Amino acid sequence: RLQCSLVLLIALSVGCAAAQESGKQAGYDFFYLVLQWPGSYCDTKQSCCYPRSGKPAADFGIHGLWPNRDDGSYPQNCNPDSAFDPSKVSDILSSLRSSWPTLACPTNDGLRFWAHEWEKHGTCAQNLFNEHGYFQAALRLRGQLRVLDALATAGISPDGGYYTMGAIKGAIQEGTGFAPHVDCNRDESGNSQLFQLYFCVHADASRFVECPVQPGGRPCGNRIEFPAF
């Protein structure tokens with residue numbers, strides 16, 4: 001039994017190493033899973049439009065799963081011949097609508113948003129997964145985090161209140177095991193508000209890891225609004 005366990009452990013290690021090496025050969029070292037708070041997307045001068053399927057749930061939705069390099073650069077638009085095909089994700093469209101909603105105007109069905117994410121980012125990881133696998137991986141990873149629950153446990157709620165960066169990151173780290181990079185935007189009055197969270201994912205898309213590099217983005221300051229949605 002011990003011998004079998006050792007063989008399994010070695011096989012898993014070899015598989016992870018192979019996936020990471022495959023990622024490097026494909027031009028990336030890890031992924032960013034980027035989640036977005038819809039209330040902050042909508043609470044700006046440009047506002048937002050709900051998708052045709054209706055108002056999304058008041059939860060962090062997926063913005064994208066982005067291959068990235070340790071030096072902060074990233075590949076993009078890697079395979080022009082692999083255009084987004086909605087029929088390949090027909091069985092998970094309801095999950096995409098609920099967990100990866102679009103808020104862009106004019107009101108639409110989300111297909112343009114998902115096409116952009118696949119064609120710009122997903123095609124750069126075709127060494128790892130096809131179109132369906134790309135979206136399925138992002139949905140699976142997002143489902144493991146439960147960010148809103150982690151914040152609520154620490155008394156941080158989307159009620160228009162203000163919180164410190166330390167409180168937000170600490171609550172998410174306590175609840176998920178990882179502290180994200182926090183990206184803020186501005187409401188119509190110029191207040192800094194919680195907008196996007198960047199989590200880092202291993203090159204084989206199997207698990208979260210500590211980020212080797214922090215993304216750029218807009219500074220938050222230390223007084224961050226968490227708007228309602």
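Note: Cβ is positioned from N, Cα and C throughout, glycine not excepted.
Predicted automatically and left uncurated, TrEMBL annotations should be read as such.
According to TrEMBL, the features are:
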type     : residues : note
SIGNAL   : 1-19     : signal peptide
ACT_SITE : HIS63    : active site
ACT_SITE : GLU117   : active site
ACT_SITE : HIS121   : active site
Fewest Cβ neighbours within 10 Å, where candidates are the active-site residues HIS63, HIS121: HIS63
Long-range same-chain neighbours of GLU117 (active site), Cβ under 8 Å, sequence gap at least 6? HIS63, GLY64, LEU65
